[in-house]
Amino acid sequence: MGSLKNRDIISILDFTKEEILYILDLSKEMEKKGCPDILRGKVLANLFFEPSTRTRLSFEAAMKRLGGEVIGFDELGTTSTVKGESLKDSVKIIEGYCDIIVLRHFLEGASRLTADSISIPVINAGDGASQHPTQTFVDLYTIKNAKGVLENLTVGFLGDLKYGRTSHSLAYALAHFNAEMYFISPPSLRIPKDYMEELELRCVSYHEVDSIYEVSDKLDILYCTRIQKERFADPVEYEKVRGVYKLSKSIMDGLKVKDDLKILHPLPRVDEMDESMDTTSYAVYFQQAHSGIPVRETLLAVILGAI
Amino acid sequence: MGSLKNRDIISILDFTKEEILYILDLSKEMEKKGCPDILRGKVLANLFFEPSTRTRLSFEAAMKRLGGEVIGFDELGTTSTVKGESLKDSVKIIEGYCDIIVLRHFLEGASRLTADSISIPVINAGDGASQHPTQTFVDLYTIKNAKGVLENLTVGFLGDLKYGRTSHSLAYALAHFNAEMYFISPPSLRIPKDYMEELELRCVSYHEVDSIYEVSDKLDILYCTRIQKERFADPVEYEKVRGVYKLSKSIMDGLKVKDDLKILHPLPRVDEMDESMDTTSYAVYFQQAHSGIPVRETLLAVILGAI
Amino acid sequence: MGSLKNRDIISILDFTKEEILYILDLSKEMEKKGCPDILRGKVLANLFFEPSTRTRLSFEAAMKRLGGEVIGFDELGTTSTVKGESLKDSVKIIEGYCDIIVLRHFLEGASRLTADSISIPVINAGDGASQHPTQTFVDLYTIKNAKGVLENLTVGFLGDLKYGRTSHSLAYALAHFNAEMYFISPPSLRIPKDYMEELELRCVSYHEVDSIYEVSDKLDILYCTRIQKERFADPVEYEKVRGVYKLSKSIMDGLKVKDDLKILHPLPRVDEMDESMDTTSYAVYFQQAHSGIPVRETLLAVILGAI
């Protein structure tokens, strides 16, 4: 395994299975013991060209819990970009202020461009519809905690699989672990063809279905994502699919599922996951959200060479 | 007296007289000695769903002066709420990132809802027109510093008593200390009836008057608040009352007042308190603003179990 | 040399030559060695009434690298100013929360007013079209690093010299060092008359020219600034001058210049400095941007009495 020090985190595809497992193991230790002060004197720049409270606060809390400091901005409005500065210039300047950059940008490829322009490490916190790799580490960590293992699981992906970047990344990552995958979505929101081809290259066994009723009893993990109204040209079409991909306790009671099924959701949710689900044994999405801290602490510490 | 560790601070009514005095005594010590580093490793989340620079910076400075760290946001624009997430979901997630939440919200009851949804302590930094309890601790601290005692004072409340939450909370708190209260406001901005009934239940002796000229010579403390133009449907009505509730050095010279009268104002002021007042012996409103630091330091330290 | 402790930094004109050189020498040491923890327990308030990402992040990183803490805001929208509070009131209150204020304001003179209203030190991070003194320290530091000396240099100022406050301040500062100055701008963007008179008082030898072609071979330093479209009532006029004050590698190849010419730019740039310039031996503008850290670290440490 190559060194992870100074590594950029742009796509989950950049990490081997061995590296992923190593990060997850360290995250477990981090959650148990914490490591205050190991990043004392280090500065993280949180560059959020597009708002994302949860991700921003999660990186900020992780850095500060390890004794590091955070600078940054959380919207385009106050940046030099409004004066016409290029992203490349912005990051080349800010590189001189900090030890690591966390970037959220509305353009696909912005993170790779940034990493190629500067010499300090860059973490992609979401760029366009493409990658959000630290969320995938968090998802894998949550699954491993919930099931004990990552190998040989049957995983359902429910909701918007066309634009849902967290589902794409997680599917890629689970390809390392011999997962059987069910993609459950309306036909108009199927997983894009190039993702499919990538999964086939990796010999993943997958199935596309329209409804959770067809496959619920097979699943060890159900990964839900929101269907966004904005994706539909026709509101009637939206209203039609919306109800089908909504979970609640009473719907679960009518479904045949394994007792130890665990349900993840990257959050925020709107109405696709009813509050009545929160107290079921299936729900692990709040644990998933909280796992953002130990996993991001670990990634920061490893990349900055502190562990 | 029950333990204050892990206590939520939602309303000043949740605190006994004994607890209030205990907090004020500790604040005095805090102001004298400071306690750097006692909150090292702790993280406060400043969740400001409604802007309030002064309150936000004051909590931030207090936390950092004790060695703690702060994460958060200061307006709705960059939060997941704009994606439709419920407040309850937001705070349940952020609970995993921090040790204490300070919440400012535009809806009455938001703080109580938050405290009921999560297990870490919550401080209400203002919700709707209802409570802002840490401001009341600051006000009491300022009065005690200015007069030496809290018992048996004659206190005037001037300005908008209908919507002025700081006046309501302070009146409640002073009910513990046998205060005689004068509510000075235009008839349209009188203190609401249910607050009055609460004060009567607590056997407070109070009087409602239209003008400070009627009562100025009786007052030990004058608590001023701004009359907001927005409260008046008719601008003429606003212009009429506005002049009456405006203080300046020359107006003070024409009033009969006690030599040791002290005037508070939660600030910001616009034109209801002329700058000529600042150098009079009556003005303690800047000290009041500065007292926000030791009082909030104390509240944070006590609730987080550090003292 | 008077003590620099508790000194306000409002204008570069407030500093003697001796003081400037002292700051630059300390900055060099700071860059080499760093001083973690010397500002532990100190709080800086970054009050940005007008956005400026670069300057704000630069002060924030400097303070944090020395172990200090930062509070503040980065736009008018969330401040009490929107409720009508005066700047004087705002800073008098925030004075109680911190040890030093860094102010960026859209009104000329705002920093001086602030410094006169409060007793903690104030650093002007740009007010209106007038001063931005820490940028000047950074510029001088960059020139000294690039040329070894500050004395007897021939310096060209290119671009918008009418509104470009960084050029004005740098010209003032270089007046201490027997610089020969060339002001290169379209006639409509000449350096204002009162600046000229100030330079004459200081016996500076200067020349005004329309084009860099007239003087390029004489320059040791070329200080470029952006010509802002907004300055021109007539867009045709803008398009006419724009091309003339744009640099690129191919333009440089056609110019006669000294081998050791160094080009500075306060950044951000838009199209007045082509990216092809970045890899030439002339370009030092990214080093200049990065020098913001050691220079601001030094200024903060000196003013707060830590060195």
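Just so it is clear, glycine is given a Cβ too, placed from its N, Cα and C backbone atoms.
Cross-referencing C:Arg104, C:Arg231, C:Arg242 with the carbamoyl phosphate binding residues that TrEMBL gives (C:Arg54, C:Thr55, C:His132, C:Gln135, C:Leu267, C:Pro268) picks out C:Arg104. Listed in sequence order, the binding-site residues near C:Arg165 (L-aspartate binding site) (C-alpha within 10 Å of its C-alpha) are C:His132, out of C:Arg54, C:Thr55, C:His132, C:Leu267. Candidates C:Arg104, C:Leu267, C:Pro268 (binding-site residues) were compared with C:Arg226 (L-aspartate binding site); those inside 10 Å Cα-Cα are C:Leu267, C:Pro268.
Straight-line distance linking the Cα atoms of C:Thr55 (carbamoyl phosphate binding site) and C:Lys83 (L-aspartate binding site), rounded to a whole number, equals 26 Å. Between the alpha carbons (Cα) of C:Leu267 (carbamoyl phosphate binding site) and C:Lys83 (L-aspartate binding site) lies a span of roughly 33 Å. Filtering the binding-site residues C:Thr55, C:Gln135, C:Arg165, C:Pro268 for a Cβ under 8 angstroms from any Cβ of chain A leaves C:Pro268, in order along the sequence.
Proximity to chain B, defined as a CB-CB distance below 8 A, holds for C:Lys83 out of the binding-site residues C:Lys83, C:Arg104, C:His132, C:Gln135. Listed binding-site residues: C:Arg54, C:Lys83, C:His132, C:Arg165, C:Arg226. The one with the lowest count of other Cβ atoms within 10 Å of its Cβ is C:Lys83. Looking at C:Pro268 (carbamoyl phosphate binding site) and C:Lys83 (L-aspartate binding site), their Cα atoms lie 32 Å from each other. The predicted model assigns the domain 'Aspartate/ornithine carbamoyltransferase carbamoyl-P binding' (C:7-144) a mean pLDDT of 93. Across the residues annotated as binding carbamoyl phosphate (C:Arg54, C:Thr55, C:Arg104, C:His132, C:Gln135, C:Leu267, C:Pro268), the two Cα atoms farthest apart lie 17 Å from each other. Annotation note: C:Arg104 (carbamoyl phosphate binding site) sits in a strand segment as assigned by DSSP.
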